[in-house]
Every structure is written in C-alpha cells, then in structure tokens.
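As recorded in TrEMBL:
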TRANSMEM  A:12-35  transmembrane segment
TRANSMEM  A:42-58  transmembrane segment
TRANSMEM  A:64-84  transmembrane segment
TRANSMEM  A:149-166  transmembrane segment
TRANSMEM  A:195-216  transmembrane segment
TRANSMEM  A:236-258  transmembrane segment
TRANSMEM  A:279-295  transmembrane segment
Amino acid sequence: MNTLPQQLANGLLLGSMYGLIAIGYTMVYGIVQLINFAHGEIFMTGAFGALTVYLYILPDGTTLAVAVPLMLIGGAIVAVLIAVGAERFAYRPLRGAPRLAPLITAIGLSLALQELVRNFYPGADRARAFPGLDATHDIGSVTIKDADIFLVVAAIVCMSGLAWFVRKSRTGRAMQATAQDPDTAQLMGIDTNRIIVIAFAIGGFFAAVAAVAYGLKYGSIDYRMGFLMGLKAFTAAVLGGIGNIYGAMLGGIVLGVAETLASAYIDGIPGMDKLGGQSWANVWAFVLLILVLLFRPQGLLGERVADRA
Amino acid sequence: MTTLLEVEDLRVAYGKIEAVKGISFKVEAGQVVTLIGTNGAGKTTTLRTLSGLLKPSSGKITFEGQPLNGVAAHKIVALGLAHSPEGRHIFPRLTIEDNLRLGAFLRKDKEGIEKDIQRAYDLFSILGERRKQAAGTLSGGEQQMLAMGRALMSQPKLLMLDEPSMGLSPIMMQKIMSTIVELKSQGTTILLVEQNAQAALSLADQGHVMEVGNIVLSGTGQDLLHDESVRKAYLGED
C-alpha cells in the first residue's frame, strides 16, 4: 500500500495545500514586507466558515456535490473578511511603525482568533467533524480520495488564475509595481492601499480553499489547525523565495514531498532507524528549511538582492 | 497666460528638521520653470510634496485653481500632474512596455494609450527596440528616458522632472536636454529640478535658486544665467 508512488502522491497533495496557504504569506510579504503570522488562523476560520454553511445554513441531507461549492463560498467570505479586516484595523495603523510592532500584533491576532473560535463556536473546544469526501479511486498503485481530486483541481485552477491575474491584468501589473516600488506606484496613480487590501483578500481566499480541502480530506477541523499548517506554509513560502508566488507553490510541493518521503523512508538508513515515521515529519520539514536558508538564503526562486534595486 | 501651479509659503519638515522653509513660486501654462541649487537645498522635497508623497507642514499648493493640500498622491496624478522622480525609479522587473503602461494607469482610452506608447518609442527609439526587456537591464540614461516616457503616458498638464541628467554621460545628458526642449516646443509645461544649472537655465523660461530650504533668487532663465552670483556659485566661475 505505501509504495513510493503513493508516498509521492501523498507528498504532492500535502504540498499543494501548503502552497495554497503559502500564497497568502508571500503576497502580503511581497507588497508590505509584513509576515502575517495570523494567516494560519485565517485558514482555520475559513474551515469554520465552510462548516457553518454545511451545518447551519444548508438543509440536512444536501449532497456534497451541491454543498462543497457553497461551503467554499462561505469559507472564502469568512477568511477574506477576516484577512481584510486584519489589514484595515490591525496592520494599517502600524504601517511605518518599527517592524516588531506588526509582528507582535500578528501573533496577538492569531491567539485572539483561536480563542474566539474555541470559546464561541459551538463545540469548537474539541475537534469538530467535517464532511469528508472519502470515496477512493485507484490509479495504478496509487489510491486517492475524492477530497484529493478536489484539492488538486482547486490548486491548479487557483494558481493558474493567480498567475494570469498578476501578469496580465491591469490590477496585477499595479500589484507588481507596488511590490517593486510603492512610492513610485503612487506616482502612477495606483491606490496602493487598495492593492494591499487585494493582496490580503487573495491570500484569505486561497487559505479558505486550502481549508475546505483540509476538512474534506481529514474529516475533522479544530481551532488549533492553523498553527502548524500556517507554520509549514510560511516555511514553504520562505523555501520557495518569499515574495514570489511561483516560489510559494514550488516551496509547498518540495516541502510536502520532502517531509512525506523522509518520514516514510529515512528509518531505512542505517543508524537512523529511530528517526522515521509521522512523528518526525515536522522535524524533517524544518531541517530542510534550515538547509535551504544556509545554502540559498533567498529561497529556491527568490531574486538575488542585487536585482531588487 | 494662465497659472497652472501656484505654491505659496510652502513649508515641509522631516520630523523636527525643516527641509523647505516657506517658498513661493508659480508655473504658467506652457512654461519651463526650473529649480536649481545644491544637494540638500530642498528641491526634491518640494517636488515630492507637490506630487503628494510628502505632506506639507504649512502653506498652500494650488493646481488649476484647486487646492492640493491633503490630496492623496494617486489622486494628484489624475488631476494632471506627473512626476518623474529623482533616481528614475523605473520598475526594474517589469518590461519597458509594462512600465509605460503603468504610466497610463488611470487612462481608459485604449487606442490613445497604444498611440502614446508608440510616441514614446518614437521619442526614444531604444525603448521600442527593447520593449519586452526587463527595465532593470537598461543603462542609466535609457532608464531616464523610460522614466520620462512613463511620466508622459499620463498626458500630464504639468510634467515634473527631478534631476533627469543625474549621473549621465555628457552625450546622454545632451539627449535628455534636447528632449526637454522638444517637449517644450510641443507645449508641455515642465517643472525641472536640476543640479546642472547651466543646462537647466539655458532652456528655462523662469528659474529659482534654492539654498537650504529657501528660494534666494528668482528670474528668467537668461537673467539667472548671466547673474554674477549664480555664475560664481553654480556655474563654477570665479
């Protein structure tokens, strides 16, 4: 069952999820040089937004084919509103403040969001069941779930949509200009505040897509789910080269594949027999980050500092 | 002549340090007006305040009779004031063509934009030859051409150029200065900030000499060019 192709598929799937969340870190960093450490919690609220639609809005017995798109919309609305609200009320007043101030704010915001969900969402002090898309398909020796198909399709659609938007649309060009030189972007007539809001909104939307995929795949969500997923996605963004949207996706996939393969096979190496298994997956993920930062600090696709005149 | 821009008793401070200490001047439509002076005289601060990147601590800026105080930078462009900043500030990782398109960010007339991109390529042929190249690969002089072309893309009523000749070879500088003359002959109103007083004064209708935040001398370009104190201080004569 756990053959190499299966492990690779597992890694790619996990990595796509990291990549989707990593977009939020990388776009915001690229434009305002802020690490939004509350982004993991924005992902978490997206999951609860989607669950709310399923439990409290849709009539009982709605088929998942109908429910999933509506859950996606609900999750996206919640995550985007929280992301944009965080920008407007928590980060914008601190623009121009020392860098530590927004960083501490982000950490505070992430704790606040966790506690709000834990205390006020019905039953969220424990894990809550999420409808799963568990039907399986065998492709050769690889078994995947419907939830995995949802994840892959969503990741491909979102990423190609984003790539088109950033490169070809007028707003996308304004976004690149704002990332490269915010003052001069204003001289072009670009409302840079609006661009920043759009970056947060796109990040929130992508996090919600990942959150719905997470729920459908694992069948359960909880108020702490954003912490580790957020940390991994941030790692993915740094790994790929923070500020670079393709880097975020590539970093996610590299991270997902690396940690999956490491936890599956590293105990086969003589002397490392105690270092395998799922419990070591996070260790290998962060070892990879340390290695990349040592040998390629700008990340896999990051620009050299000299290019960033 | 109609007054396009009027600056009255403008003061700008960075924290407690006042960089512009109450200057007044006018730009009439169709004129080239230049601010000259050494480094730190407050010329760039003045331009950055006019385009809304800096907030004045007091004083009045009026553009076509409309006060500009407190108007956001991106809205000032829409009123017809374009600013080509000191140090060029092209977008290095975007193509030359995308840089020009960004100059026309607020315009909706697609055909007009294509026509003006072509006009920029006619004005600076090197830009047309390299339109798909990242702007960061251009030489300093070529980047200056792009910055000017980009500023023109908004069809400004007033074009503000900050140190367009800075760091350029004499040939490149010649090219930039002759472009300014050409733009002037087409009726573009220009506010030119320069350290190269000789070049700036010889093509300006009006000139103002700035020293540590004040305008210390004003006159026509020709008057200032022949003024003894200006010749001594800025044109390197004994």
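Residue numbering: from 1, along the chain as shown.
Quick reminder: no glycine exception, Cβ is built from N, Cα and C everywhere.
If you look at the transmembrane segment (A:195-216) against the transmembrane segment (A:236-258), you find fewer than three C-beta pairs under 8 angstroms, all six or more positions apart, and that falls short of contact. Contact between the transmembrane segment (A:236-258) and the transmembrane segment (A:12-35) holds: at least three of their C-beta pairs are under 8 Å, each pair 6 or more apart in sequence. Distant neighbours of the transmembrane segment (A:64-84): 24, 39, 42-43, 45-54, 57-58, 113, 131, 133, 150, 197, 200-201, 203-205, 207-209, 211-212, 216; these residues of the same chain sit at least 6 beyond its ends, with a Cβ under 8 Å from one of its Cβ atoms. Tertiary neighbourhood of the transmembrane segment (A:149-166): same-chain residues 12-13, 16-17, 19-20, 23, 68, 133, 137, 172, 175-176, 202, 206, 209, 212-213, 216-217, 245-246, 249, selected by CB-CB distance under 8 Å and a gap of 6+ residues from either end.
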